[in-house]
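Accompanying notes for the structure given below.
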Amino acid sequence: MTQIPPSRLHSPLDRLLVEAQRALDTVFGNPPAERPNPAGDTPDAALAPAQRQHAAGLMRINHVGEVCAQGLYFGQAAVARDDHTRQHLLTAAQEETDHLAWCADRLRELESRPSLFNPLWYAGSYALGAVAGLRGDDWSLGFVVETERQVEAHLDEHLETLPETDQRSRAILRVMKIDEARHADHAEQAGARILPPPIPSAMALASKLMKTIAYRF
């Protein structure tokens, strides 16, 4: 992910260029992971065509989830009022960059591709993050908690439905699940607001729509 020195982040144009570069890196680039791929030397077992297609669909969903997480966190960080909250969000975003890279690697191994709608997923998530952040840092952190808890739940579902022999995908998802739980815990400790009931339900509905589309496209 392209880094721009803090000393340059003075003008609105500087900040706009930073956000544009982040969007391009996330959606069209191939940002490198800072940590090793959890799949490591795990053997890539042979999968039947239907199994490979299913595994690719699930990993495409997970890749989209990371695109959305990047958009959400960068949108929140752009309007965060507290430096500690901003740094918390950017640190979480860096770990999500690792997830993004790992999922992209696995999609290539499965001879598949990311979602065609990644620009839309990113833009929508960035807008949601900015709106949440404008309500206040406690609201912003509340969205982090709810997002990560919902991601944990769908990672559990994927670990149950992935082909048993697809140990490379499983290794990646297990580490992602640990990271997501930690992000949620840290956000709670930082003062996250509990979101009112309609919001988590709306987020779950949007997530279901995204997963349905991303599985195939």
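Glycine is treated like the rest: Cβ placed from N, Cα and C.
Predicted, not measured: the structure shown is a model, and the values here were computed from it.
Per Swiss-Prot, the features are as follows:
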- GLU66, GLU96, HIS99, GLU180: Fe cation 1 binding site (BINDING)
- GLU96, GLU148, GLU180, HIS183: Fe cation 2 binding site (BINDING)
Inter-residue Cα distance where the pair is HIS183 (Fe cation 2 binding site) and GLU96 (Fe cation 1 binding site), in Å: 10
Neighbourhood of GLU148 (Fe cation 2 binding site) by C-beta distance under 8 A, where only residues 6 or more apart in the same chain count: GLU180, ALA181, HIS183, ALA184, ALA187
GLU180 (Fe cation 1 binding site): tally of other CB atoms within 10 A of its CB: 25
Reduced DSSP assignment, HIS99 (Fe cation 1 binding site): helix
Output field, Fe cation 1 shell: CB within 8 Å of site CB centroid, site GLU66, GLU96, HIS99, GLU180 dropped: GLY65, ALA69, GLU95, THR97, ASP98, LEU100, VAL151, MET176, ASP179
Cβ contacts of HIS99 (Fe cation 1 binding site) (under 8 Å, same chain, 6 or more positions away): ASN62, GLU66, ALA69, ILE172, MET176, ASP179
